[in-house]
Amino acid sequence: MRNKILKKSKSILPGLFICLIIGIIAEFLGKSFPTIGAATFAIFMGIFLGNTLFKSDKYDEGTKFSEKDLLNYSIVLMGASLNIIDIMALGFNGVFYIAILMTLTICTTYFIGRKLGFGEKYSLLMSAGNAVCGSSAIGSVSPVIKAKDSDKVIAITIVNVTGTILMILLPLITSILYNNDVLQSSALMGGILQSVGQVIGSAKFIGDPVVELATVFKIIRIIFLVVVVLVFAKIEVNEENKEEIAHHHKPTHKVRIPWFIIGFFIICILNSIGIIPGILGRTFKWISSNFEIIALAGIGMRVKIGDLVKEGPKAMLYGGLVGVCQIIFALSLINIFIK
């Protein structure tokens, strides 16, 4: 048993070490160029190095551990940065705005993906990534819908690139349409952008009050992650049971929630009721953020340039169309609910 663990650890270390180095460099570059962000640097450095200097199979176990296990741990610890009480801060209209916007984003993203000829599971991954919280949402949904690794890595890459573009674009829109009004600007950025880092980076163009309130809107979306995973898990189970019934078998599949989603929910509840001390919560948040960047480096290293060239242009069109739809939906809903 001990020898097996040592052997497994040795096989993981080379790839994990490269992902760690990429993550450290990406964090440094992200602070130097906050408009781009560490996540985008990590993914693209990973893609470049994984297809040039570090193509060897000896890095596979480490990159697989980074992109799967570290992302799962990141999702669990992310719960410490959330507080269910934040929902009350926005009131009914704010929560209703987020719920409707997320629903429209999921349905529209899935519809566009299928119309463009993408597979059902890739379209579901894009739906979750754009509607909820980018890489973490895709990582959460991927196992419950049994998505292919190639779909997962392409979806994460496209969602992060689209988010980076929107991060620059949204402050321009808010300045033109809302004259940088705090509430409306926060609702637009917090309701659309995929990651917390993108929300903060975009909101900083306007000011600290927008950073704080946009983050609250974003947190509500992340809290809804559990609901999205449950719904997607139910969809997958229904599809599997339909196949069994079609072959005259008794349906045997049940909804199974990944352990890290349960962990995320438990940590979120513990943080909301004040059991997790502030310093521990901040530590969890720091670890979660760094694990995610290392995971994104691993995801980048596992992207094959051939797959990216093959799917890239159409996938970027997909991401662009979804981004435009999100902006239209958000502007319309803000006009109704956020005044």
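Note that Cβ sites are derived from N, Cα and C of the backbone, with glycine treated the same way.
Per Swiss-Prot, these features apply:
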type	residues	note
TRANSMEM	12-30	transmembrane segment
TRANSMEM	35-54	transmembrane segment
TRANSMEM	90-112	transmembrane segment
TRANSMEM	122-144	transmembrane segment
TRANSMEM	156-178	transmembrane segment
TRANSMEM	210-232	transmembrane segment
TRANSMEM	259-281	transmembrane segment
TRANSMEM	316-338	transmembrane segment
Query = Any residues 6+ beyond the ends of the transmembrane segment (156-178) with a Cβ under 8 Å from its own?
reply = 35-37, 39-40, 43, 47, 126, 129-130, 134-135, 138-139, 184-185, 188-189, 192-195, 198, 201-203, 205-206, 296, 299-300, 303, 308, 315-316, 318-320, 322-323, 326-327, 331
Remark   = Best-packed against the transmembrane segment (122-144), counting Cβ pairs under 8 Å over 12-30, 35-54, 90-112, 210-232, is stretch 210-232
Remark   = The answer for the transmembrane segment (90-112), taking Cβ pairs under 8 Å and residues 6+ beyond its ends, is 123-124, 126-128, 130-132, 187, 191-192, 216-217, 220-221, 224, 228, 318, 321-322, 325-326, 329-330, 333-334, 336-338
